[in-house]
Each structure stands twice: as C-alpha cells, then as structure tokens.
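Enquirer: The following feature annotations were taken from TrEMBL:
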- A:4-190: domain 'Electron transfer flavoprotein alpha/beta-subunit N-terminal' (DOMAIN)
- A:Arg210, A:233-234, A:247-251, A:264-271, A:Asn285: FAD binding site (BINDING)
Amino acid sequence: MSEVLVLIDHVDGAVRKPTYELLAIAKRLGEPSAVFIGGADQASGAAEAVKKYGAEKVYTVDDTEIKGYLVAPKAEVLQQLAEKTSPAAILISSSFEGKEIAGRLAIKLKSGIITDAVDVQSSEGGPVTTQSVFAGNFTVQAKVTKGTPIITVKPNAAAPEEGDGAGAVEEFAATISDAAKSAKIVASQPRQASGRPELTEAAIVVAGGRGTGGNFEPIEGFADALGAAVGASRAAVDSGWTPHTFQIGQTGKTVSPQLYVANGISGAIQHRAGMQTSKTIVAVNKDDEAPIFELVDFGVVGDLHTVLPAATEQINKRKG
Amino acid sequence: MNIVVCVKHVPDATADRRFESDNTVDRVGVDGLLSELDEYAVEQALQIKEKSDNPEETKVTALCVGPEKAVDAVRKALQMGADEGILVSDEAIAGSDYVATSLVLAKAISKAGEERAVDLVICGMASTDAAGSVVPAMLAEQLNLPQVTFASVVETQGDQVRVKRDGDTATEVIGGTMPLVLSVTDQTGEARYPSFKGIMAAKKKPLETWSLSDLGVDAGDVGLSVAWTQVEDTTERPPRSAGEIVKDEDGSGATALTEFLASKKFI
C-alpha cells in the first residue's frame, strides 16, 4: 500500500486535533505517514502523539534553518518528501498556511489540488472529495486527475481514530533554497486561550451579532451554560466588539457544529457561508423578518438581552 | 512603483448561484460583479500609491482573467481609481483550475512588466465563488516571488512591505522586500466607492484585452479539458424545512428555548 503524507499541524510541538482527523482519512487511502516540521527537541513528543492515531511512519524535519519564514520552505520540504516516497495523496489542514503550502506544492509537483474538503473517501480512481460551496448551498464531488492528489481538509471532516501505528521515526534532511527564505516572520504573538472550546472544533457554537449592541455577556453566559464556543458575525467584529478570530462567515471561520445559536445576527449570505451546514440552527432576534429565521429549526422573536440570561439561568438550574 | 492588482469577476453571492451541465460555475446566466474581497485589494493598491513618495510615478493596473463580460470587474477597479486595466479573455481558458488560472495570471503579469518591472502584485484573500485562497500563493510560486499573504494591516516603506497576519494560533508580523505577491483580507479597511468623477475618468483610461496567444500560453495548457482536478458531481443542498418560531412574551421565549434544547439533548 502506498504512503499518504499528512502534514502535522502543531504549535511548538503540541499536535492540533485536525491532524488526527487527517490521519483517520489517510488510513482510508493508504498507509499514514505523518510529517513533522518543527524543533528537533519537539519531534519525539509529536511522533508519539501521531503514532497513537495510526501513523505508521513519522518523518521529522528539523526546522532550525527555516523557522521564521513563511510557507515556501515547508512546500519545498513536502516536495522533496513526495519525490522520495511517491505518496498516494498529501493531506494538509485547511488553514491559511496549510492552503498556501498546498498551493505552492501543487505547482512544484505538477499535481492537482482540492481545497477545503469536508470529506474524503477512497475510490478506484483515487481519493474523492466532498466540498461545500456557494455559501453551503451546493456540495461538490471532485477528484484529482493529474499527479499526486493534494487535498486540504477542513476541521471536523472526520472523527479521529485512536489505534497505534508503527510510528517509525525517520529524520529527513531537506534542502531549502534561498528564494524560499524571503518572506520573514518578524514577530509572532500566540493567541490567548479563552478557556472555551476551539470555534472550529466545538460541538455547540453560540454567536452574537449587531443585536448585542456590543454587550457579549449574555452570549458568553449562554455559551458557558452549554459548554459552547463563542463566535461573532462580521458586524460585531467590524464594530470592534470582538476579535476577528471569532468571526464566522465568508471571511472568517466556517463552522459546522451539532448546534448553532445565532443571536442578534440577521443572517446575510456572507454569514450563512460560515454556518449553514450546522446540524441544528437556533436564532434569537428582535426582528421577525430577519433572514436567519429562514434557516432555523427553532427561533425566538425577542430581545437577546432578556431571553438569553433567562434561558441561561434555566439551563444552569436543570444541570443542578 | 508598478503595482498589478488581480481582480476576479464572480457571480453575485446574493443571486441564485449555480453550475452548468459540465459542472463549471455558471458565469453567464447569473449576474456578475467585481469580487467583494478583491475590492479590498484595489483599495490597498490605491492607498499604497497615494502614500508613496511619488504617487504620480506609481501605476496601478487592474488585471482580470475571465469571459468578455468580466471586463465589468476591471471597469469597477478603474472607477475606484486604478490607472490602467487588462482583461485576459480567451474561450480556451473557460473551466481552468487554480493551476491554469495562476499560470495565465503569471504570464499576464510578466507581460505587464515588460517595459517596467512589476514591484507588487496584490490579490484579495479569496474569491467569493471558488473561495480557494490558493491563487496568490500559486502566483508567487509561478513568478518565483516571495508571498506576504492574508494581511489584515499593510505598511510599505520604499521597497519594504510589512503586514499583520491573523492566523489560527498566532498573530504574526511578516516582512518582505519587493517584488512580491501580497494578499489582503477584508480587515484592511473599507473599500472606497467610485465617485462620479471617478466613473467619468474611468471611461478614458487605457483598457487592453489580451488573448492567450498575446501571452504566449498554449491553449492546450489551460481550460476544463486539461484541468488537473475534475468535478464529478454537484448537488444542491435541499432547503431546510421550516422551523418553529415563537414570539417572546413575558419570558416565554427563554422557557421555549430551553425546552427545545432539552428535547434535542443539548442540555
């Protein structure tokens, strides 16, 4: 069986959950080989972590030389690994960086690329991807027809599967061109942990928009009662009420949780693009003509500033 | 400075977007416009020009690849204030994938820089139709240039570019030296509306249309038939069935909401 390369998404050696989802997909397509590009002292920890989720091989690439440069060096590493291993596919997380590595890699390897897959299955003709397009109004089935399929995969596209792989570690020394080292990361500020679930990974998302009037307390209280992540519409972000990292929609995050609760959000197409595929949708909005009500399984026409705190209290009571 | 800003003509996101029978995006039957996310790229190009030491010497060219009617996207950019426009249009390009699109754009940028080298290529963060976000990185690869991408704040000084980039796990400051490819997000700031004066002035600005042969691109290297990816099927998501909507009266809304969440086992 051919190897399937999975680029490990990590922060200082701490492997992020989407990597485990990629490994689960890789098992469907061949033998999962994880690729760790990072500090040499972090490699063994990361290798242990991915082994538990089925990595048969772990290629570790010391990033001392390339740390601090944007995207291009990682594309060169993957190119050289792909030339060495002739993989059946290359899977990368659909982050900004992941998609750009994939883009450069596709040109280098003369291979087709598919972005933002929400599912990947094997078929005789190679991996078949599912994408959600046009603000979630259509799903598209596609496959790569030339070269090595390079696929970037959205969070939650598969459930992580625990189960040890061989986890054989192999150091890989890549040759990085000077041209790849031209866009430099001058400074980096790690994001503060909110203590709530990650927006793209959460089972429940509670979001607030213009209707909050800038007061997110009812949103956060309700989210915490449900153990949910907090999100926001672009209107709330543009007003400076909440950081851009919380934005859900076309130019923010795409979420597809079990439950999405939109509060004081009208439901413009740009917002829908980020949440329309949620399983259950609930909205609270004063305006009974807000388009968000066209999407909901359950809606309350009312003021979020009274409805949410009251509901939060009831939920907390039920939980005892 | 010589700036090329890439603009895409896309089906209006608020219209009924759909696919053709060959699974390509319907670009003819649905009203199109300049991709909203590319307006921010045009805006940043104009701001860089205006803030530069010598605005008169700085040229902003709007470049678009698309069918004939995509010229509307170039016109909008000219109305906003771009100096010149280029539409690359050729039937053979229809159905091109990201790779072929980036090839055509790269060749057009090279041609646009024949007399005066291009210092800066500016793109939006994604198109509003395909939303792949990969073309700027591919362009950088095709042109063998650095990329400084997904900028939420852009600063330039001479040939130096410095941007803020908000990633999933960190906020970074990225620096690069021109020539390079820059992509900008909607966080960079409102795009200007064309003024009446701008609309009138745009009519007199140079607007060229190039074909593949003008670029020296073989028609056999682009288009649907040679795409490196193939769409096998497109399916419209069934409309969501109408949900229950209650009106909050004297706190009934909160109770109804809690009951609903409990019935679905979210509590």
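Using N, Cα and C of the backbone, Cβ positions are placed for all residues, glycine too.
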Enquirer: Under 8 Å Cβ to Cβ from A:Ala268 (FAD binding site), same chain, six or more residues apart: give me those in sequence order, or none if nothing qualifies.
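Expert: A:Ala268 (FAD binding site) has long-range Cβ partners A:Pro291.
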Enquirer: Select one residue from A:Gln247, A:Gln250: among these binding-site residues, choose the one with the most other Cβ atoms within 10 Å of its Cβ.
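Expert: Per the Cβ count within 10 Å, the most buried is A:Gln247.
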Enquirer: For each of the binding-site residues (A:Arg210, A:His271), count the other CB atoms lying within 10 A of its CB, then report the residue with the highest count.
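Expert: Of the binding-site residues A:Arg210, A:His271, the most buried by Cβ count within 10 Å is A:His271.
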Enquirer: Return the count of C-beta atoms lying within 10 angstroms of the C-beta of A:Ile265 (FAD binding site), excluding that atom itself.
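Expert: I get 31 for this one.
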Enquirer: Which of the binding-site residues A:Arg210, A:Gln250, A:Ile265, A:His271 have a Cβ lying under 8 Å from any Cβ of chain B?
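Expert: Answer, by Cβ distance to chain B: A:Gln250.
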Enquirer: According to DSSP, which of helix, strand or coil covers A:Arg210 (FAD binding site)?
Expert: helix
